[in-house]
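Colleague: Reproduced below are the annotations present in TrEMBL:
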| type | residues | note |
| --- | --- | --- |
| COMPBIAS | 7-20 | compositional bias 'Basic and acidic residues' |
| COMPBIAS | 186-204 | compositional bias 'Polar residues' |
| DOMAIN | 27-289 | domain 'Era-type G' |
| REGION | 1-23 | region 'Disordered' |
| REGION | 35-42 | region 'G1' |
| REGION | 61-65 | region 'G2' |
| REGION | 82-85 | region 'G3' |
| REGION | 151-154 | region 'G4' |
| REGION | 185-253 | region 'Disordered' |
Amino acid sequence: HPPPVATDKEEQKRLLENRPDQPQNPKVLRIAIIGAPNAGKSTLSNQLLGRKVFPVSKKVHTTRCKAWGVITHEDTQLIILDTPGLTNPLKAKRHNLDEAMLTDPWDSMKRADLVLVLVDVSDHWTRNSLSKEVLKCLSQFPHIPSVLVLNKVDILKKKFLLLEIVADLTEGIVNGKKLEVKSAFEQDSSSSAKSPLQITQASPPESKVPGSPCGQEKSQAQEGSALDKSSDVGGAGTGEAQGPKHYGPEDLKDMKGWPHFQEIFMLAALRGEEVDTLKRYLLMQAKPGPWEFHSDVLTNQSPQEICDNIIREKVLEYLPLEVPYGVTQVTDIWEEGECGELLIVQSLLVPRESHKRMLIGRGGKVISRIAREAGQDLMNAFLCDVRLKLTVEVK
C-alpha cells in the first residue's frame, strides 16, 4: 500500500529531507511523462502511484507545475516526473499560463532515464500524429529511451484503428525493427470488437496486444511489450548500439511519428486497465543507483499544494470555459481538529460578481459539490478525515 502524504507542512518537509533508507542493492528509474495537454498524464501518474496526488480534469492545463511522485517497491524506486502538457507560447498566453509551463517539461526531460509519450487515442483529431512540441522534445533528447503509451483504448470503438495509429506514431519502426502490421480481425463485423489485435510477422501467433480489453499479456520476461518486431532496420539491431540520429527542424517538418520507441503499451488509465503491466515493465527498466527519497515519501509536493491543486481541479471541472483560470485560492485555516481530523478553510477569490454566482450555484449546489468531492480526494491522499469549507468572494 502506498504511504499517505503528511498533513503537516513541516512533517512533509522533514520526510523530504530524510536520508533515504537505502536497501542493499538499490535501483532507481526517473520517468518523464510527456504528451499533449489532456492526454491523461496525471491520471496515469495517480494510477501508477496508487493514490491521488496529481490534479485531473477534462480542461487543459490542470497540471500547472512540475510535481514528482515516488513509487517504492522492494529494492526499486521509480520517480515520476509529472509534467504540464507540452504547449507553445501562443496557447500559454491564451490560458494565462506562466513561463514555467513552457520550461518545466524540458527540465523534466533533462533528469529522465526514460520517457513515456502518452497519446489519447480517443481524440480523432490528434491521435495519428505526435504534436510538434512532443517531436521537438524527443528530438532534443534522442539518447533517452522512449516508450509509446496509447491511452483511453477502452473508448475507441473500432479497435482495428489501433493498428493504423501504431504505424503512424512509430513511422513503422519499433526498437530498431520494422513493423509488419496486419489485422487479425475476422470479416464478421459483429465479432470484430472481441477479436484481439495482432501484429504478425515470423513470430509466434499467440503474442497479442495487451491493453485492449481483450488483449492478453505475454508471459515472457519482456512482459507488457505490446508488439512483435520483425526485420532490423539498417542493421540497427535493438537500436541501442547506434543511437537515433539528431533531427533538425527540417527533418521534423515531415514527421508524424517517432521511429525510436522501444516499446508500445495500450491501456485505459482512468479504469486502471493494463497499468500494472506498464508498472512491471518500468520496475524492470530500473538501473542500479541510490534512492533519492525515503520510502515513506509519495510526492515532493507540500500538503497545501496538493489541497490547492485538487480544489482547483474541481473548480475547473464545474465552471464554464475560461472562468476558472481567474480564480485565486487563499487558505485561511489549516489545523488538526479535536478528533484528529484535518480542518481546512479556503477562500476562492473571483474577479466578478457573475463568477461568484456561478461558483456558488443555485442554492449553493456547485460550491458544496466541489467541497464534498475535493474533501474525499484529500482523505485519499492524507488517509485521515478531512473537513473542508470553501467560501467565495469577489476580489
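Just so it is clear, glycine is given a Cβ too, placed from its N, Cα and C backbone atoms.
TrEMBL annotations: computationally assigned, not manually curated.
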Colleague: With helix taken as DSSP H, G or I, strand as E or B and everything else coil, how many residues of the region 'G4' (151-154) land in each class?
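Modeller: Going through the region 'G4' (151-154) residue by residue, I get 0 helix, 1 strand, 3 coil.
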Colleague: Across the domain 'Era-type G' (27-289), what is the average pLDDT of the model, as a whole number?
Modeller: 73
